[in-house]
Amino acid sequence: MNNQGGAVAANGQRPQAQQQQQQGGIMGIISTLIRFMAIYYIASFAFSKFLGTGNNNNNGGVVLNNNNGTTNTSIPSNSVRLANSWPEGIEFNMKVYLSTSNETVGDWLVWEQDKLSYDWKDSNTIPTKNITFDTTPYLQNNGSLFAHIITSRRAYLNQPKSQLHKVHPLIVYLPKPKPKGKNLLEEKSKDEPEVEYDPTELISYWKPTLSLHLIVDHTIYPPDSIPKEIVSYFNITNGFYSPIIYCNEFWLYREHLKPVNETVKQLSIEINYSSMGLFKWQLQIQMQKSLDMQESFGGGGNSAMGGASVGDEFKRMLTDNDPWILGLTLIVSVLHTIFEFLAFKNDIQFWKNNKSMEGLSVKTITLNCVCMGIIFLYLLDNETSYMILASSGFGFLVEFWKLGKAMTIKITWMTSLPLPKRIEFINKDEYMSKTKQYDDMAMKYLSWLLFPLVIGTSIYSLYYHEHKSWYSWVVSSLVRTVYTFEFIMMTPQLFINYKLKSVSHLPWRVFMYRALNTFIDDLFAFIIKMPLLHRLSCLRDDIIFIVYLYQRWIYPVDKKRSHYGSEEAEEVQQQDKKEIKEKVEEREEEKQEEEEEEKEKEEESTSSSKVTKRKTKKV
């Protein structure tokens, strides 16, 4: 969005989908997560402030769930302090059973570990054990499988032997992946069946890892002081809470899941155990809640359809980058979002107050509006998340509004139906001058380059890529051209600046904000690991930015005047008109005085000539 720098300044914001593609995803991911985490914490604060929390005092007490979520424990609101029922360092054992029922444990023991201690000793980190077993017809036909984790400790002082039970599903049901496209030029065989896609059809996926943790926490909680975010995980009995068994799926990505069908003959699972602290556990579950909320709002990508979610990309970024890069990325992403907002705000302000199209390229604005429409259709055809789709649709409406400010739109309505019969786009009077002449000239030269590129990329895509339909081919070919060559569509504005020898008509405040974001994008293009060609694609739009800077240098703007389209600019314009009017009146007065003087001289010369003639006659 920002790589075009000042070029985009006069013509609106670049689509968000293109921003995510050009930045390799990292800037878009972090910016998106920052917004959603802010929304999440604001909403949490509002609910806790005005609606109360789940652990407020009430006459009926607080209901807490235990680890397996099957029973509840009611704790009176005036209960004593809650302490851990397991002392530090006590030995325990852990067993994992597999069962097709979430209620019956059965006798299928697959993992067992003795003499574990409830503390931070290194001996509590158990190496991964791989278990492989044959699949059954039940599992191959969307059957379920559960892991029953049973943790037991010996009797301690006056406390009896304790046993914890956690049930964890190993099968998850997700929508069936969408079928891939086809080569539209290949002839379809008559014997080949027609594949129909049902978005409501679910298939089973196998979780190949089971990471077990026992949360080490010896905090003594005063009454009603357990954080509401974790209160549902506690199992409390007689003023004591039991340790929490945590099945960690935070690092389980969508791509790790294995589909289970008739062709799968064996399944394997890796089981490991280690201790985990309360802070780390809370951090993981809070972050996972934020990511889940983002996906529920439609901002998680197409993970259910087979693609990687934004949450998975964010987690992968945490593991693949150094901490200092993550910290720098977070700070710069916040600045990036602020500059983006300021650029958008000032861009809207400029076009709202702009009264003249002199020096501005209407063709470039029209092209940008068409590009935004193409990208919106492409995102709609690919069933992109609602968040990205709404952002792109809003951007298209903004560009159409700017087109309405640049031109006069005349709508003729039908007499029988409330539908438009004809829509006319009429250029404004200020534009019908040298600006339009230069704009048409630049568009003619640009079309010589643009049309062959569109045709060439479309033919290449038709031969070598797969598409769902002919409509998808047309839209994807157009959007590929937009993503690849959109930067050259700003050349008409450069051409107009060159011909008019002026850049004062451009919104330079918007230009500066987007220029800062351009530097940020270029910085991350070299910090973040990505292919060389992708880095060059991030730098190519800087050509337009550099040309704009050069034009700004050779065509300086009077700093005492505002050319931003604001109220100050209108006052300056009115003052200029007043000064010009006064100068014109002065010149007219001077002309009148000169004419009167000439008339007087003519009259004097005429009278003197008459006197001379009279004297001559007398002589």
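Yeah, the Cβs are placed from backbone N, Cα and C, and that goes for glycine too.
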Labelled region 'Disordered' by Swiss-Prot, one stretch among 1-21, 64-84. Can you tell me which? 1-21
Swiss-Prot tags one of 237-257, 384-404, 405-425 as transmembrane segment - which one? 384-404
Counts by DSSP class (helix H/G/I, strand E/B, coil) across the compositional bias 'Acidic residues' (591-605): 15 helix, 0 strand, 0 coil
